[in-house]
Amino acid sequence: MVRTINETFLKACRGERTDYVPAWYMRQAGRSQPEYRKIKEKYSLFEITHNPELCAYVTKLPVDQYNVDAAILYKDIMSPLPAIGVDVEIKSGIGPVIDNPIRSLQDVEKLGEINPEDDVPYILDTIRLLTTEMLDVPLIGFSGAPFTLASYMIEGGPSRNYHNTKAFMYAEPKAWFALIDKLADMVITYLKAQINAGAKAVQIFDSWVGTVNVADYRVFIKPAMERIFAEVRTMGVPMIMHGVGAAHLVNEWHDLPLDVVGLDWRLPIEEARARGVHKAVQGNMDPSFLLAPWSVIEEHVKGILDQGMKQPGYIFNLGHGVFPEVNPDTLKRLTTFIHEYSKGQLAK
């Protein structure tokens with residue numbers, strides 16, 4: 001069954017005029033929600049993501065609670081890696097830990113290929129369930145970017161400085177490019193499968209790419225990103241790029257064949273546009289503001305909206321994920337304010 005959905009978010013992704021500014025929040029499904037915390041008392045992340053009914057419920061929860069204009073699939077960026085032979089464990093308080101880190105070209109050559117229908121059927125089943133039976137807003141599929149995935153695979157887990165990753169990139173360029181190309185192939189196949197299952201947009205998260213300078217990005221990372229976006233673009237859905245602490249790379253992202261440039265709070269929207277970013281923009285509230293009094297939040301959000309609304313193609317989001325300490329009522333109030341304030345301003 002084809003469901004009728006609110007396409008305000010998709011229109012903004014395409015740079016079209018909208019009646020109000022659409023909003024959704026990274027990590028909108030998760031630790032800030034009491035309902036989610038109750039589920040986590042019984043089930044692990046692995047168990048939730050491998051259970052389509054449970055995963056769909058968690059994904060839809062913020063749509064019902066906060067009235068956001070898009071849902072994003074609840075899963076981890078590491079989800080596809082076991083399919084290609086990476087031993088990943090999500091450890092509480094640490095994050096992803098990899099038992100077989102990449103150290104050589106031989107390690108890269110041992111990696112396999114992903115077949116989503118066989119390797120991650122539970123993810124595709126969750127998407128189908130959400131898009132055919134549950135959601136009245138678009139579902140965003142996503143993947144980690146090759147650099148961020150490679151950094152986990154080389155470091156063996158989270159890192160503060162990514163020295164091992166960059167040292168590998170500089171010292172072992174043949175192995176580096178083999179790894180990045182292998183991961184690009186995986187990301188392309190993975191995102192296409194999510195779109196075929198029903199995702200109406202996709203976002204690529206390059207969480208740690210801000211550690212790389214512009215010159216190195218152009219040589220070591222950008223060619224693979226160009227290939228990913230060019231290949232996935234043939235699927236006909238909007239594509240979003242997001243990273244953290246990567247304001248120096250926004251023009252490099254803008255050059256890619258994508259639709260939406262994601263910004264964090266370090267770069268004002270008006271400054272990004274002054275630098276030549278004329279594609280749709282998503283962002284860019286510092287999530288720390290969500291812990292402030294409402295009067296402070298409201299004034300800050302007005303400033304962001306006033307910048308974003310100066311041209312069509314603007315989606316409100318955070319510059320990073322929702323903190324566990326954030327009150328869900330604050331997010332609900334925030335969405336209502338974004339919708340009402342922007343509708344009033346855009347009607348003038």
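Using N, Cα and C of the backbone, Cβ positions are placed for all residues, glycine too.
The feature substrate binding site is assigned by Swiss-Prot to Arg27, Gln28, Ala29, Gly30, Arg31, Phe46, Asp76, Tyr152, Ser207, His320, with sequence analysis given as support. Listed in sequence order, Arg37, Lys40, Val322, Pro324 are the same-chain residues at least 6 apart in sequence whose CB falls under 8 Å from the CB of Arg31 (substrate binding site). Under DSSP, Arg31 (substrate binding site) is assigned to coil, being neither helix nor strand in the three-state scheme.
The feature site 'Transition state stabilizer' is assigned by Swiss-Prot to Asp76, with sequence analysis given as support. Proximity of Asp76 (substrate binding site) to non-local residues of its own chain (separation of 6 or more, Cβ distance below 8 Å) is seen for Leu45, Thr49, Ile90, Pro96, given in sequence order.
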Neighbouring C-beta atoms (10 Å sphere around the C-beta of Arg27 (substrate binding site)): 18
Cβ atoms near Ser207 (substrate binding site) (within 10 Å, other residues, all chains): 21
